[in-house]
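*Asks:* There's a structure below that I have some questions on.
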């Protein structure tokens, strides 16, 4: 797996999912050259979606993409049985792969993680993207565990690494041939320079073309050209994480008149000071 895969937001309208807005956002990304989308992930506010909404969003994403780009469906859970059910649903409706976050809150051991992902891998045939984000889950998927899973299961092909420690990421890349996608926009270029393959991105929701260009340059070894875009994007990327994701990206999309709508509690509107910083970054980039 290689390239740019925006983690799409879930637009809301009148308390429900705005499916027309969702389609509009996906088509915008397809038209701007992304390699695929990630549906109902962290950026899509998956924790506050009902199971029915979760499934309908995946179905809509598959329908809109229609084979033009890949759909990576969020299917993770801190319950192995629930993750299996969500993964099987995603496969049944035509998703190209599933994104599986490490179980959160219950803090499994590395052996528990091996057994969790093994059970899911044995239950489906489509590719699996492991998702390591210790800042949210309180558990780190160790390089040795990733290596074991990659070598044991042919459908575990990729890991989204949102651990910002480049030493950890280097160990992962050096341990096996699993595809590594950065889970941090700001670290995309460094991760590719270490041997990574791309990114699951937040900023690409609003500047997909530029981000795709940067990643393409990097994957072609044109790091001078990639660096120029990286630094052009840098302040904008940082501004999208001054509060919890997806609060800033949805705020930015609303400011840019893109379908986004409200946030679902417990997420709420940005503090005015931070919103001003975000608006400034959007203006400096030329989006406002």
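Just so you know, glycine gets a Cβ as well, placed from its N, Cα and C.
Sharing the record's features from Swiss-Prot:
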type	residues	note
SITE	42	site 'Part of a proton relay during catalysis'
BINDING	43, 200	pyruvate binding site
SITE	105	site 'Part of a proton relay during catalysis'
ACT_SITE	131	active site, proton donor/acceptor
ACT_SITE	160	active site, schiff-base intermediate with substrate
*Asks:* What number of additional C-beta atoms lies within 10 angstroms of the C-beta atom of residue 200 (pyruvate binding site)?
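*Replies:* Step by step: centre on the Cβ of residue 200 (pyruvate binding site), count other Cβ atoms within 10 Å, giving 30.
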*Asks:* Taking Cα-Cα distance, which of the recorded positions 42, 43, 105, 131, 200 are within 10 Å of residue 160 (active site, schiff-base intermediate with substrate)?
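*Replies:* Those near residue 160 (active site, schiff-base intermediate with substrate) - Cα within 10 Å - are 131, 200, in sequence order.
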*Asks:* Just to confirm: which same-chain residues, 6+ apart in sequence, have a Cβ under 8 Å from the Cβ of residue 42 (site 'Part of a proton relay during catalysis')?
*Replies:* 7, 101, 133, 136, 245, 246
*Asks:* Using DSSP and collapsing to three states, where does residue 160 (active site, schiff-base intermediate with substrate) fall: helix, strand or coil?
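*Replies:* DSSP call for residue 160 (active site, schiff-base intermediate with substrate): strand.
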*Asks:* Judged by the number of other CB atoms within 10 angstroms, which among 105, 131 is the least packed of the recorded positions?
*Replies:* 105
*Asks:* Spatially speaking, which of the recorded positions 43, 105, 200 is closest to the residue listed as 'active site, proton donor/acceptor'? Use C-alpha to C-alpha, please.
*Replies:* 200
*Asks:* Using C-alpha atoms only, work out the spacing between residue 200 (pyruvate binding site) and residue 105 (site 'Part of a proton relay during catalysis') and round it to an integer in Å.
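*Replies:* Approximately 23 Å lies between the Cα of residue 200 (pyruvate binding site) and that of residue 105 (site 'Part of a proton relay during catalysis').
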*Asks:* For residue 43 (pyruvate binding site), what residues in its own chain, 6 or more apart in sequence, show a Cβ-Cβ distance under 8 Å?
*Replies:* 7, 8, 9, 202, 205, 245, 246, 249
